[in-house]
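Annotation source Swiss-Prot lists S-adenosyl-L-methionine binding site at 216, 254, 255, 282, 283, 345, citing sequence analysis.
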């Protein structure tokens, strides 16, 4: 065990910070003349104490000293060059006691010193964070020690004010879980920044996953200004709001009334009202009504979104010096009557909603005569879980998902034109994919019998 390891108490029930106190005996190189400090540090790196958060240069007896490696007991333990410098600079070796307390050790080190020995190999010190709230997923064997773990995480992360754990792993239809407060304030209303936008929501009542921020940005990067996007399971707006900031026209939907409430609030916070319409519908109903909802929006705005922006305008023709003033300008964006993209971020069940796209435009066959018409790209998230005794290749997993999609939309897609993106591994046997494909004309315009 290192001299710098924390003291051990595996019987601790409530966190006792005062227990974490340790004194480490060291030797310090005392400089009667501190002008030699810089030269010594440069020449004697291998004999200087370098330990996390410990300053190796200290004040001592109206001058300065440098802490030496913790295994140095006398001058003979030092490198020959260091011994020469000690004599050359008139350095005196003096004993020094380094005092360590609770603040010195990282959360993982503290937890390894207080949890049962059979649990220290995989200490749960990591977490995902939304605003001031840290969310950990404790395995069953760690749950009896949840309060201890939560308090240490709270102490060691200044931006965290609340630490929670899932009571169980069975989500309701809104993808939310009952939470247990482990430490800190019982305040679940958080403010989170992502993709240049601000989001406010009640973490206990809506779905939010900070680990998906890269995926949000990846999908948003596929949208162009003026595109129309249907966000089927939009939550509080992690896709919709950043997209609408780049003048993407978004119809955002979520079944959860709380998500819908905060989606509306986040639209106002981010001032993207002209480009986004929120809905509180079942996903199937939203897909079914999507063309009608878009047409209603188009007609209510005479096919145009107007956005007031402030622009610098030149007011002087002088070529050597130009003067500008800020003027309000009305920027216009045409509202198409068709969708460019649909986002389906509900990996547990999004695939099962794909059959609703059959006949999406079936009642409006003349739509494809629009010279600007494009078929929508579907971005559907899904899990493709496999057994522990399996070792499928990515290609095999892609094929499994491909077959499911073709069966659901009742059409043999060209697999070569589809994109299979692995978002993350939720567990060793549970990859999450996002599959992107163009909805075939034969499917989109299929007539209902």
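Note that Cβ sites are derived from N, Cα and C of the backbone, with glycine treated the same way.
Keep in mind that what you see is a predicted model, and the values were worked out from it rather than measured.
Recorded features from Swiss-Prot, shown on the structure.
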{"residue": "216", "record": "S-adenosyl-L-methionine binding site", "DSSP (3 states)": "helix"}
{"residue": "254", "record": "S-adenosyl-L-methionine binding site", "DSSP (3 states)": "coil"}
{"residue": "282", "record": "S-adenosyl-L-methionine binding site", "DSSP (3 states)": "coil"}
{"residue": "345", "record": "S-adenosyl-L-methionine binding site", "DSSP (3 states)": "coil"}
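Taking Cβ-Cβ distances under 8 Å and a sequence gap of 6 or more within the same chain, the neighbours of residue 282 (S-adenosyl-L-methionine binding site) are 255. Counted within 10 Å of its Cβ, the other Cβ atoms near residue 254 (S-adenosyl-L-methionine binding site) come to 31, all protein chains included. Cβ environment of residue 216 (S-adenosyl-L-methionine binding site): 194, 195, 238, 239, 242 lie under 8 Å away, each six or more residues apart in the same chain. Using a 10 Å Cβ-Cβ cutoff, residue 255 (S-adenosyl-L-methionine binding site) registers 21 neighbours. Pairwise Cα distances among 216, 254, 255, 282, 283, 345, the recorded S-adenosyl-L-methionine-binding residues, top out at 22 Å.
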